[in-house]
Amino acid sequence: MTDTVVNRWMYPGDGPLQSNDKEQLQAGWSVHPGAQTDRQRKQEELTDEEKEIINRVIARAEKMETMEQERIGRLVDRLETMRKNVAGDGVNRCILCGEQLGMLGSACVVCEDCKKNVCTKCGVETSNNRPHPVWLCKICLEQREVWKRSGAWFFKGFPKQVLPQPMPIKKTKPQQPAGEPATQEQPTPESRHPARAPARGDMEDRRAPGQKPGPDLTSAPGRGSHGPPTRRASEARMSTTTRDSEGWDHGHGGGAGDTSRSPGGEQGLRRANSVQASRPAPASMPSPAPPQPVQPGPPGGSRAAPGPGRFPEQSTEAPPSDPGYPGAVAPAREERTGPTGGFQAAPHTAGPYSQAAPARQPPPAEEEEEEANSYDSDQATTLGALEFSLLYDQDNSNLQCTIIRAKGLKPMDSNGLADPYVKLHLLPGASKSNKLRTKTLRNTRNPVWNETLQYHGITEEDMQRKTLRISVCDEDKFGHNEFIGETRFSLKKLKANQRKNFNICLERVIPMKRAGTTGSARGMALYEEEQVERIGDIEERGKILVSLMYSTQQGGLIVGIIRCVHLAAMDANGYSDPFVKLWLKPDMGKKAKHKTQIKKKTLNPEFNEEFFYDIKHSDLAKKSLDISVWDYDIGKSNDYIGGCQLGISAKGERLKHWYECLKNKDKKIERWHQLQNENHVSSD
């Protein structure tokens, strides 16, 4: 009996097979009973359902290829813009910002790639196994990023991809009644193999290096009662066509990883994006609605378009034949797909399907949030885009920054989402005194804030030398907040009283850390690499908004202390408890001194208090008004923050303010004044 069992599984001999041996092979272990031979499969014609599946796969691949080409074009355009904006020669001046280098200027480093000299602010120190530090300028760093994120590092250039032509459908499918369920339909490969839905990495790794997908798509999986032992990549792509828009949303959760680019020859880039764009829906998904009568061109599908990802404002209603679909509009830059700087986005050759496809239906409103939270094709490195606007109100010395929204932010939490907020700083001299932030929005990668943050006391001089840094961070309740990305804008490029809108990509810049207390005597909480800014030989301590008016009706001077901004931090917590002290000199006794209320733990206090001095107009010209700002401390002397003096002996804006007050009676005149670390008396 044992011999019988063993002989049952023995291979046939090398000699000629007898007729009965061939019959046993057809019914034994070599061929599954009821299976069709390859010859029988090739003689059969594909059904219309199978042709539709194939055509939809081709159409989706065309669309994803177009999206990939547009994405690469945007990366190259960004790189070219950085190259055009160079301001130095790379020898004596920084190649990027044009700052003087050498002993009298900033410290310089040499870029490892281009061998140009850059300052330490425009250079980035990269991690390397070398014993000495390796520096790269931001242009070369961006070029490496483009080379990495486009896949050109593997292909030594951008591959030109030509997809197969769609198959013509000879006959149309009869339309089923509305009440009749969609039964007896051709089962999809996904339903035939519910337990064989490989991950994205498995789909790419199963194909040997250099192997291309087979051109014969007629051998769709599952034509017999059982499929082949392993699924080819072409079959895996075709098995993903039956999912609807809901399957797209739920199939792209936070667990989606990086887009791997396996060495698959010229088709590797397309295969990775096709697999990512068409992940299979779960086997428990409900069957789609009954199909409509088929036209000469296959339907455009019912699923929603991919999420906006890195660049927002992409249309979801344009048909696949539209050359701008799915085009992402970035107002800050012009889209280009031509050859630039050695990189070229390969032109796309559309098949007949693109011209015969009907218009795509807009996705349902309830799916927009899930679509927006889905990944794009370079999800491993994208940081997202930020939309905001800037307005400088010159009359009120007010800079308004309206944070509108962000799209496609990098997921920071374990659920694939983030808790983003935006914070602003003015450079140089970033500190808590000029930090503004929005509220935090929970569990979203596409937050909409619509918040306006205002900087008061921004003069024309500040607009010429300040830079606005806008950072997007993820709030963490149980740890440190995480940095997502940032962008910077030089305020001298902003025209007064003209709102300017921006929609730009966030940059991968490490945020500056606070370096403890650089001035322990003053408790200044400054950021690393940000030195204390000085105007001439006078250290910047903040600004104060003062109003002056001589009232003829009351017969005296009315001094208004409105607010202070960007005060120096005097306490260990990085804040101050400021109040303002007024003194009309020469001494007029106790009635010459006034104090405001104390504002706790703030560097931008708002007082809105007025004080009256009973003095004749003729005597006012001989007086001077001493204004000082103090930090209130309990149990010890108050700390002096800064001050200014208005009067005939003053200079510049201070003298002008005092003169206008004397000249224009009964008229309130407001002016911003810089606080200085001048000689002062102790506060009482």
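Just so you know, glycine gets a Cβ as well, placed from its N, Cα and C.
Pulled from Swiss-Prot, these are the features on record:
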BINDING   CYS94, CYS97, CYS119, CYS122  Zn(2+) 1 binding site
BINDING   MET412, ASP413, ASP474, ASP476, GLU482  Ca(2+) 1 binding site
BINDING   ASP413, ASP419, ASP474, GLU475, ASP476  Ca(2+) 2 binding site
DOMAIN    40-157  domain 'RabBD'
REGION    1-21  region 'Disordered'
REGION    162-377  region 'Disordered'
ZN_FING   88-145  zinc finger
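Structure with Swiss-Prot features highlighted.
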| residue | record | CB count, 10 Å |
| --- | --- | --- |
| CYS94 | Zn(2+) 1 binding site | 28 |
| CYS119 | Zn(2+) 1 binding site | 22 |
| CYS122 | Zn(2+) 1 binding site | 23 |
| MET412 | Ca(2+) 1 binding site | 21 |
| ASP413 | Ca(2+) 1 binding site | 15 |
| ASP419 | Ca(2+) 2 binding site | 19 |
| ASP474 | Ca(2+) 1 binding site | 19 |
| GLU475 | Ca(2+) 2 binding site | 18 |
| ASP476 | Ca(2+) 1 binding site | 13 |
| GLU482 | Ca(2+) 1 binding site | 16 |
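Here the Cα atom of ASP474 (Ca(2+) 1 binding site) is found 5 Å from that of ASP419 (Ca(2+) 2 binding site).
Look at GLU482 (Ca(2+) 1 binding site): DSSP puts it in a strand. Contacts of CYS97 (Zn(2+) 1 binding site) defined by a Cβ separation under 8 A and a same-chain sequence distance of 6+ are given as ALA87, GLY88, CYS119, LYS121, CYS122, in order along the sequence. The distance from the Cα of CYS94 (Zn(2+) 1 binding site) to the Cα of ASP419 (Ca(2+) 2 binding site) comes to 37 Å. Straight-line distance linking the Cα atoms of ASP476 (Ca(2+) 1 binding site) and ASP419 (Ca(2+) 2 binding site), rounded to a whole number, equals 8 Å.
Under DSSP, ASP474 (Ca(2+) 1 binding site) is assigned to a strand (E or B) in the three-state scheme.
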